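So that you can see what the record holds, here are the features copied from TrEMBL:
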BINDING   HIS99, GLU119, HIS136  Fe cation binding site
BINDING   CYS105, CYS108, CYS144, CYS147  Zn(2+) binding site
Amino acid sequence: MAEDDHSSGSSTWFRKKHRNTVQKDAILNILRSEPVFMSSPTLHSKLQSAGLKVGMATVYRQLGVLASEGKVDTIHLNGEQLYRLCDEGHGGQNHRHRHHHHMVCENCGKTVEIEPPNEQWINKAAAEHGFSVTYHMFEIIGLCPECRRKLGAE
């Protein structure tokens, strides 16, 4: 039986699965403790500071899995992909599955979730050019009121 091969065969499968679970849990714990968007290198550094031996490739891989599962939110800011837990404190369980977009302050990183625009125009534009939409991303980058005030005062 293939299933028995996993449980009674080499214990490598179990160790890898367990290690990945531990690593994923560690990443989730860091994201829970700091509910702000952060980069993969920042997250990796925090894991290392906590004494966890997690490779950078593992951080990227686990964040990709968590994003595809809808457990983390991602944005792009200044050429960098940032991640934040998309759960406690960010709208609860239903938030994970709700399609949403962001306005992001390019100065301080403050992020505000906004309702998606009328998405019919996306499908219309795609159809006009012979595309079919598999997914889309929409972020508005600018300055928040606080940063506008600070930068205007300088």
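Keep in mind that glycine also has a Cβ here, set from the backbone N, Cα and C atoms.
Keep in mind that what you see is a predicted model, and the values were worked out from it rather than measured.
Across the structure, CYS108 (Zn(2+) binding site) and HIS136 (Fe cation binding site) are spaced 25 Å apart at their Cα atoms. Counting only the Cα atoms, the space from GLU119 (Fe cation binding site) to CYS105 (Zn(2+) binding site) is about 24 angstrom. Within 8 A of the CB centroid of the Zn(2+) site residues CYS105, CYS108, CYS144, CYS147, the other residues of that chain are GLU106, ASN107, GLY109, LYS110, LEU143, PRO145, GLU146, ARG148. Within the same chain, residues at least six positions away from CYS144 (Zn(2+) binding site) with a Cβ under 8 Å of its Cβ are CYS105, ASN107, CYS108, LYS110, VAL112. Rounded to a whole value, the Cα-Cα separation of CYS147 (Zn(2+) binding site) and HIS136 (Fe cation binding site) is 28 Å.
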